[in-house]
């Protein structure tokens, strides 16, 4: 058994531990959301504080991006990610002992830092530890599994709260976090030479400057962040569109989200199982028409035959399937088609994505309340069309980078 563990630690148990950590981080929001009103009432707090449980979690996710990437480039990936798993576990455990809404929200913000650790350090380690094609396929598998959480989380949370207190849910998540912590401690490989670059403010700023001056990174960051807009604006504003304006029940609304997340899961499963080379430009370009057809349905369907949810869900799901086919490849290209420190590149990319997502959600909300369904969906269409051009720029830069590497090898 020890020999089997040693042989498969990096290839099997490390990805499993990372998946569990990522899954637990998602569940810390998705599992508790159906009962967030109960949380507020338990603390005798104002109901208006309920959304803060999510917003502060996301704020925690943005707080340490600038630090963790450069830090992991210098002291190694292992100590940073393992520390993150421990912090998340302790924050979930601490939630069981909160006695006020303020304490609960502080714990939520600390739990949110898991986004920083996973996205900035964990995903980079996966890409570094495995080859290009295997790394992309493994990330597709991780995404497919983790995205089950937004589907089953709310339904499971609502069911479990009929039998147990909401604090017990955080105890369950804390146990999951602790198991992932132990798994990472035992199985995570180190992919960075420690101490190769000294940690100083000057060197960190220089690395960030070099990243944001790299045109390939800029094309990649623009492509990925704009690709998120159609899905994230829908996820954020759809409760208002479907429940408030469309008069759907919360249960009906939950089921309308399944096709969107399910489409991404299916797309990633196809990449992992059936696509021989997901970096092939012809495969990437074949996914683009699927995205554009989905975006077209958002406008054409609602113009010709308006429906409370059909065209919005169908169009967004089709788009999600198309972009899901190439998301892992886009991340790989953006992170590794340069000679820049990967932790800093990952941190920079995540900061751009989170900023664009935040702005796009606010724009989408404003368009819905001031213009209605069609102007709201037009935001997704505009973003999707721009992506075609930024994707062309990204692939052109990647091709130039690969050609330059071949010349250097010769």
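Here the Cβ of each residue, glycine as well, is placed from N, Cα and C on the backbone.
The structure displayed is predicted, hence computed values, not measured ones.
Here Swiss-Prot flags 1-11 (among others) as topological domain 'Cytoplasmic'.
Positions annotated as transmembrane segment by Swiss-Prot, on the basis of sequence analysis: 12-32 (among others). Outside the transmembrane segment (12-32) by six or more residues, the chain places 5, 39, 53-54, 57, 85, 88, 92, 111, 114-115, 118, 122, 125-126, 129, 138, 141-142, 145-146, 148-150, 152-154, 156-157, 160, 166, 169-170, 173, 176-177, 179-184, 186-189 with a CB less than 8 A from a CB of the stretch.
On the 0 to 100 pLDDT scale, the topological domain 'Periplasmic' (33-48) averages 83 in this prediction. For 33-48 (among others), the entry in Swiss-Prot reads topological domain 'Periplasmic', with the evidence type a curator's inference.
The annotation transmembrane segment is assigned in Swiss-Prot to 49-69 (among others) on the grounds of sequence analysis. Below 8 angstroms of C-beta separation, residues 28-29, 32-33, 36-37, 39-40, 80, 84, 101, 104-105, 108-117, 119-121, 208, 341, 343-348, 350-351, 354 of the same chain, each at least six residues beyond the ends of the transmembrane segment (49-69), sit close to that stretch.
If you look up Swiss-Prot, you'll see 70-78 (among others) marked as topological domain 'Cytoplasmic'.
Here Swiss-Prot flags 79-99 (among others) as transmembrane segment. Away from its own ends, the transmembrane segment (79-99) comes close to residues 21, 24-25, 28, 43, 68, 71-72, 107-108, 110-111, 113-114, 116-118, 121-122, 125, 167-168, 170-171, 173-174, 177-178, 180-181, 184-185, 188 of its chain (Cβ-Cβ under 8 Å, at least six residues beyond either end).
The topological domain 'Periplasmic' annotation in Swiss-Prot covers 100-103 (among others).
Positions annotated as transmembrane segment by Swiss-Prot: 104-124 (among others).
Residues or ranges marked as topological domain 'Cytoplasmic' by Swiss-Prot on the basis of a curator's inference: 125-140 (among others). Cβ atoms under 8 Å from those of the topological domain 'Cytoplasmic' (125-140) belong to residues 10-11, 14-15, 18, 77, 81, 188-189, 191-192, 268-269, 271-272, 275, 277-279, 328-329, 331-332, 335-336, 342 of the same chain, restricted to positions at least 6 beyond its ends.
Taken from Swiss-Prot, the feature transmembrane segment applies to 141-161 (among others).
Only residues 6 or more beyond the boundaries of the topological domain 'Periplasmic' (162-167), in the same chain, are considered here, and those with a CB under 8 A from a CB of the stretch are 32, 35, 38-39, 42, 95-96. Annotation source Swiss-Prot lists topological domain 'Periplasmic' at 162-167 (among others), citing a curator's inference.
Annotation source Swiss-Prot lists transmembrane segment at 168-188 (among others).
What Swiss-Prot lists as topological domain 'Cytoplasmic' is 189-216 (among others), and the listing cites a curator's inference. If you look at the topological domain 'Cytoplasmic' (189-216), the same-chain residues 6 or more away from its ends with a CB under 8 A from one of its CBs are 9-10, 14, 66, 70-78, 125, 128-129, 333-334, 337-338, 340-341, 343-345, 348, 394, 397-398, 401.
Marked as transmembrane segment by Swiss-Prot on the basis of sequence analysis: 217-237 (among others).
The feature topological domain 'Periplasmic' is assigned by Swiss-Prot to 238-251 (among others), with a curator's inference given as support. For the topological domain 'Periplasmic' (238-251), the DSSP-based tally of helix, strand and coil residues reads 10 helix, 0 strand, 4 coil.
Marked as transmembrane segment by Swiss-Prot: 252-272 (among others).
Distant neighbours of the topological domain 'Periplasmic' (370-373): 241, 302, 306, 312; these residues of the same chain sit at least 6 beyond its ends, with a Cβ under 8 Å from one of its Cβ atoms. Under the criterion of 3 or more C-beta pairs below 8 Å, with sequence separation of 6 or more, the transmembrane segment (252-272) and the transmembrane segment (141-161) qualify as touching.
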